[in-house]
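Chemist: Among the features that TrEMBL reports, transmembrane segment is placed at 20-42, 62-82, 89-107, 113-130, 151-170, 176-197, 238-261, 273-291, 303-322, 328-350, 362-381, 393-420. The domain 'Major facilitator superfamily (MFS) profile' annotation in TrEMBL covers 21-419. According to TrEMBL, the feature region 'Disordered' maps to 429-449.
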C-alpha cells in the first residue's frame, strides 16, 4: 500500500498521563460500553422481531453475530482509515454510521434489511469508534496506562447492565421500531466522544524568535509509514500473542452464552436464571479497574504478560470447575469467579498488546488481532452449540470452553518464556569490559609521529616464517 503519514502524534512527545487524557479515557469508557454491550442488548428485541417477521430465534441471533463479526472483522480496515485520516475523523464517521444503521432499521420491512442496517452499518460504525479510541488511550497514557485500560474496559459491563433494561423499557413503551429509533439517537453520543479525541501536539519551542507566529512544533519529521503495517508479523511477541488470543476467544464467550440455559436445564426459574448474568456483570464492573490498578504497580507491570496468562488460566480453570455445578448455588459461585477472571482478561488483553508491539505499531497490530479473533468468535459459540445438540449435556460445553482457554494461557506463558523472555534479557557486562571495549573501538586521536620512527619502519624487513627479523635500526 502507498505510504501515508500516520496519525500517531509527534515523535518524542511524552504521554501526559492525565490532563486532557482523562477526557479521552471518559470517551473510551463510553465507546467500549457501546461496542461490547450493544450486540447483547439488542437481543431484548428478538421476540418482537420474531413475531413481526415470522422467523425463528436462530434467524434473529444472526443480528448479534453480524454485529460482533463487523466489530472484530473490520480491524484492518479501521487500521488503514486511522493511519490515513487520523482517529478523530474516523470516529466521527463511525458515530454517524452507528446511528444511521439503527435509525434505518426502524423502517425495515424484512429481516434481511435489518441484517444490513443493524448488523453491517451499525456494526461498522461501532468498529470505527472502538479501535481508534483504544489507540488514543495508548497515546495519552504511559505510566498509568494499565489503570486507564482497566477503567475503559469497565464500560462494557456497566453499559450491559444499563442498556438491557433500557431496551426492554423502550420496547414496552414504543415497540421495537421506536426502540431502534431512540437507540439510534443514543448512538450519536459516539460523535461526542470522537470530539474528545484531541491529537497530541508538541509544546511551542522556547525562545522562538521574539514571540512571532506562535507555530506549534510537531516534533522531528518522521518517515512515511504504511497504511497497514504488516511488519508486526515479524515480531515473535506479536505472533505468540495473536495465536494465544485467537485460541482464547474460542472459549471465552461460551459460558456467558450458555449459563442461563444451563440453570434452566436444572429447573431454575427464568428470573433466577437471568439473574446469573447480573451477578457476573456486577463482579466484572469492579474486577476490571482493580486488575488495571494492580497491573500498573511498578513491581507488577514488567510481568504483565505473565499476569495476563494467569488471568486466562484462572478463567479456564473456572470453566472446568463450573462444569461440576449441580445446583443454583454452584452456578452463583461459578459466576462470581468467572466475573473476576473475565474482568481480568478484559482489562489486560489490550494493555499487553500495547506493551508487546509499542505505540508506533499498535494501530496496525490491533486491527490484525481483531481480524483473527473474528474468525474465532464465529467458531466458538456455534461449536459449543453443536456439541450441546449432540450430547444434550451442558457440562461438556463448559469443559470444552475451559480447555480452549487453558490452552491459550499455556501458549502465551511458554511462548513468552522460551521465545521472548530469553531474547529480551540484556547481557550484564562488567564496567571493566565496557571500558576496554570502548578503548578498542575508540577512534584514534591525533598523535604526533616522529620522523625517525617512519624511517625505521620503512627500513624494516618483512616478517619471515612468522618471526620478526631484527636489524640495528628496529632493535631497541
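Just so you know, glycine gets a Cβ as well, placed from its N, Cα and C.
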Chemist: Using a Cβ-Cβ cut-off of under 8 Å, list the residues of the same chain that are 6+ residues beyond the ends of the transmembrane segment (393-420) and lie near it.
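Modeler: Answer is 236-237, 240-241, 243-248, 250-252, 254-255, 258, 261-262, 265, 305-306, 308-310, 312-313, 315-320, 322-324, 380, 383-384, 387.
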Chemist: Given the model, what does the mean pLDDT over the domain 'Major facilitator superfamily (MFS) profile' (21-419) come out as?
Modeler: 86
Chemist: Can you say which of 20-42, 113-130, 238-261, 303-322 has the most Cβ pairs under 8 Å with the transmembrane segment (362-381)?
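Modeler: That would be 238-261.
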Chemist: Can you tell me which recorded stretch out of 89-107, 113-130, 238-261, 303-322 has the most Cβ pairs within less than 8 Å of the transmembrane segment (176-197)?
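Modeler: Going through each listed stretch, the top one turns out to be 89-107.
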Chemist: Residue list, the transmembrane segment (20-42) vs rest of chain: Cβ under 8 Å, 6 or more residues beyond ends.
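Modeler: Apart from its flanks, the transmembrane segment (20-42) reaches 63-64, 67-68, 71, 91, 98, 118, 122-123, 126-127, 129-130, 133-134, 136-137, 140-141, 148, 151-160, 162-164, 166-167, 187, 189-190, 192-194, 196-198.
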Chemist: Residues sitting near the transmembrane segment (303-322): Cβ under 8 Å, six or more positions beyond its termini, same chain?
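Modeler: Contacts of the transmembrane segment (303-322) (Cβ under 8 Å, skipping residues fewer than 6 from its ends): 146, 244, 248, 251-252, 254-255, 259, 291, 294-295, 330-331, 334, 337-338, 340-342, 344-345, 348-349, 351-352, 355-356, 398-399, 401-410, 412-413, 416, 420.
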